[in-house]
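Per TrEMBL, the features are:
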type	residues	note
TRANSMEM	37-55	transmembrane segment
TRANSMEM	67-84	transmembrane segment
DOMAIN	137-271	domain 'Palmitoyltransferase DHHC'
TRANSMEM	183-208	transmembrane segment
TRANSMEM	228-250	transmembrane segment
REGION	315-386	region 'Disordered'
COMPBIAS	347-358	compositional bias 'Low complexity'
Amino acid sequence: MSVMVARKKVVRKWEKLPGRNTFCCDGRIMMARQKGIFYLTLFLILGTCALFFAFECRYLAVQLSPAIPVFAAVLFLFAMATLLRTSFSDPGVIPRALPDEAAFIEMEIEATNGTVPQGQRPPPRIKNFQINNQIVKLKYCYTCKIFRPPRASHCSICDNCVERFDHHCPWVGNCVGKRNYRYFYLFILSLSLLTIYIFTFNIVYVALKSLKIGFLNTLKETPGTYPSMSLTVLTVLEVLICFFTLWSVVGLTGFHTFLVALNQTTNEDIKGSWTGKNRVQNPYSHGNIVKNCCEVLCGPLPPSVLDRRGILQQEESTAQEGSCPRGPGVQEPPATQGPGQAQEGHSVLSPQVPVPSVNNAEMPEEKQRTPGELPVPSPDAGRAEQ
């Protein structure tokens, strides 16, 4: 006999979170789904630094100073740490409204705007908020069903509202927002210094080799472990990677340094929120470069409001076979089954005819008897026998 047993299955909240994100390590690591360019970033950094440490650093440490590989290792480790911190952290995702909260917000909007006649466009869902004597508009997000906080925006790639949204960076495989912007800035700053460092000492390496054995002999020189590939070819490959990376990374670092000094985001700069046609003063700027830099880079880091590792308990029913205790008045089913009955192992439902149960109280008065009394034959039965 099968018995339905309800068991509680422990489910983490990150498994049910909306949006287009991927989670690893039981919700501790959060990234975007598009991670191909992030892997390319890792390959370029690791490959270039591996070539530099394997070939040029050994020669430069002997000829110039042993501090050259040490300083390069510090820059490399710092750049990798800030890259992973930017890529694996929550950028400041705002949770979506629950159904009850969304219904309450809809009721508030309808009470404020009133009923809109059919065929007319409803008014924009905007709330005015004052910051430093400056009116800031809070826009309604139709996907998350919330009024976004100031400086927040909805990322179309991750499908989430992010607090103090800067931009979505495919090179780090994540959004850049309030909770990871400082690590993103430190990453591009350290990567710029590392690129300049490797680029400079690669040229120094070729120059020192050319002074000793000549430039043409340097081009022909081959390392012992790679006889088919010139050592200078690897150096030239590193120089080319650093040269093309230098312009983009250093230029990006300079642009974000400008934004940090103004306490402004990339999203606000592209939209022209505080410049251009609007001619509105930035209410978040302190009017001082040092104060703006301290707030963006050294201010307190808010905790994540996204409960990724919370527990959701879901009940799932499972069928178990076992013997069920029977009462004294319950009889065992017959061993043989008719053609219309269900066979063992098959779930066949057959219509059952209800059998009326006759109670002792419903019997006629002359037919009622006590539990220990024997049935008395009627006179009609005796006459029939005679």
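Glycine is treated like the rest: Cβ placed from N, Cα and C.
Keep in mind that TrEMBL annotations are predicted by a computer and have not been checked by a curator.
When DSSP labels each residue, the domain 'Palmitoyltransferase DHHC' (137-271) comes out as 77 helix, 19 strand, 39 coil, counted as helix, strand and coil in that order.
Long-range contacts of the transmembrane segment (37-55) within the same chain, counting only residues at least 6 positions beyond its ends with a Cβ under 8 Å from a Cβ of the stretch, are 31, 69, 72-73, 76, 79-80, 83, 87, 170-173, 191, 194, 198, 201-202, 223, 231, 234-235, 237-238, 241-242, 245. Mean pLDDT of the predicted structure over the domain 'Palmitoyltransferase DHHC' (137-271): 84.
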